[in-house]
Each structure stands twice: as structure tokens, then as C-alpha cells.
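A.B. asks: In case it helps, Swiss-Prot gives these features for our protein:
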| type | residues | note |
| --- | --- | --- |
| TRANSMEM | 11-31 | transmembrane segment |
| TRANSMEM | 81-101 | transmembrane segment |
| TRANSMEM | 114-134 | transmembrane segment |
| TRANSMEM | 149-169 | transmembrane segment |
| TRANSMEM | 186-206 | transmembrane segment |
| TRANSMEM | 237-257 | transmembrane segment |
| TRANSMEM | 265-285 | transmembrane segment |
| TRANSMEM | 304-324 | transmembrane segment |
Amino acid sequence: MSWFTPEVIDILISIVKAVVILLVVVTCGAFMSFGERRLLGLFQNRYGPNRVGWGGSLQLVADMIKMFFKEDWVPKFSDRVIFTLAPMIAFTSLLLAFAIVPVSPTWAVSDLNIGILFFLMMAGLAVYAVLFAGWSSNNKYSLLGAMRASAQTLSYEVFIGLSLMGVVAQADSFNMQAIVESQAHMWNVIPQFFGFITFAIAGVAVCHRHPFDQPEAEQELADGYHIEYSGMKFGLFFVGEYIGIVTVSALIVTLFFGGWQGPFLPPFVWFALKTAFFMMMFILIRAALPRPRYDQVMSFGWKVCLPLTLLNLLATAAVILYNAQ
């Protein structure tokens, strides 16, 4: 057992931590689909899914079995390779974006010094999945939906990046652990309130969630860029959307609400409670807000979110220069 050195033990522990965290994220994303339907039923004064298992508790299992046994159909004139790769890229990129989020002082998949840049890179990679899905399906409605979805996502990713620059400037680091530790005395949501508002709005848009779900809404363009997908390929898109919600909620907590910091309770409990709160806010937004037109969504981004992020960045720079004197 000469190879069983302390360095090997550290590597094995890191692998176990990474697997546990990512499995929890996937499980949370899957269970959120059931929780969303139950909460929407509560908000709309109806029952929601309550037939499979006690109180509908096995509805998720039934959905997984149904999706697993559905025909994995591929359009005759599609590009089969790209058609198959698209849902894999969508699922993997959104899952890997969570890798830089610290769940506690000692638990994170990867403690990168360029953590925020890694998240932006993974968010950008998800756009390729949308374009691949729309183009490879050889369907005009799918392609139009993909073009609209990618234009919306790329636009709002600009606002996400700019809204994060104020946080980076205050913490003087791209490292997520350093950003959490910089909030020991005051959460970033107070000095970076406009950055938080913009990041939250852009996060909803990047996840293609209501009210920014025009590219894939049932009433718009025949269900959008994944119209030709079925079976587990569609399931990867479906679960990937909810994993995106978990990731954006965790990033809001980490960047603006002190991450795992809090009194009395263990750090990971604080992180889980804060993240669950913002996941519920995603559901509440879907239940409460109407869906605007696509041109209104794009105009709102460039005419409201962009000036707000630039104003926030300018104010942050002025405060930092004033404190440095």
C-alpha cells in the first residue's frame, strides 16, 4: 500500500466531495420539477399532482419511468451527431457551472481563482447547445426558436457579467471563497443592490424561465428549439433547466447573501436554506408574472438592465477610489 500516500487520500476525498455535491445538485433539480407543480397548484388554488404515491410523492419516479421508456426518435433529415450532442452539452454545462460554488468553507467541487470567469464560460457554452438543437433538427420552427433563445441568452449574459464586476471589484478577487469571506461584516446585497437586481433578472432570462421563456413557450413557435426531441434527450433539456435554476440560486446566495455564512447553524445548512428560498422565488415569479412579448424582453435588457449595470459599476468604482484616499 505504498501508493496510499496523504496526497492520494486528499485526491480521493476531493473526488468524493465533487461527486456528492454534483449528485445533490442533480437530485435537487429533478425534485424541483415536482415541487414546482405542487406549489403552482397551491398558488392557483388547485391540487397539483397528487395521485402517484402518498400526496403525489412518487410523481417524479413515474415521470422518469415514462420518459425513459418513450421512443428515442430522431428526425430523418437531421444531423444525428449534433442532434445527440446538444442535450448532453446543455445538461453538462449547467451542471459544471455549479462546480465553483462553495457549499461550506471546506466543501466545493473546485476552488478556482477564476471562479466567476469559469461560470461565465459554462453559461456561454450552454448557448451552443441551443443552437445545435435548433439547427440539427432540420425544422424551421426549431431553428427560429433557437435563434431567439440564443439572442436572448447572449444579451442577458452581458448583463450578468457586468453585474458581477461590482462584486469582483469590492472583493478584489474572482475566487468564490474570497467573495464569501469578504461578506463577513456586510452582505454584498446592500452595497451592490442594483447589481443583485440585474443579476437576478438576467439569471431568470438565461435559464429561459418565465417570464423570459418566449423561445420555448408552448404558445410561441410550436414549443421552441427542442420541438423534435423526445425520450431521455428531452429529459436532459428538461432537468438541465432546473439545474440552471439551482445554480443561479446558489450563485445569488454566494455572491450577494453571504454564501454559507450565518449564526448557530452549520454552514452547509445556511447555504441550503438560502438557496431553497431563491429556488422558491423562481416558482413564485412563474406563478405571478405575465409573459411579455419577445421585443419587450430584448428592449428591457438593453434599455434598462445595461444602463443599470453600468451605473452600478461606476458607483462602485467611485466608492473604491474614495476609500483608497
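From the backbone N, Cα and C atoms, a Cβ is placed for every residue, glycine too.
Small disclaimer: the values here were computed from a predicted structure and weren't measured.
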A.B. asks: At least three Cβ pairs under 8 Å linking the transmembrane segment (149-169) and the transmembrane segment (81-101), pairs spaced 6 or more in sequence?
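C.D. replies: They do not touch: fewer than three Cβ pairs between the two stretches lie under 8 Å.
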A.B. asks: Pairs 6 or more apart in sequence, C-beta under 8 angstroms, 3 or more of them: is that satisfied by the transmembrane segment (11-31) and the transmembrane segment (304-324)?
C.D. replies: no
A.B. asks: Below 8 angstroms Cβ to Cβ, which residues of this chain, lying six or more residues outside the transmembrane segment (237-257), approach it?
C.D. replies: 25-26, 28-30, 32-33, 67, 87, 90-91, 94-95, 97-98, 101-102, 119, 126, 133, 164, 167, 176, 179-180, 183, 187-189, 192, 195-196, 199-200, 203-204, 206-209, 226, 229, 271, 274-276, 278-279, 281-282
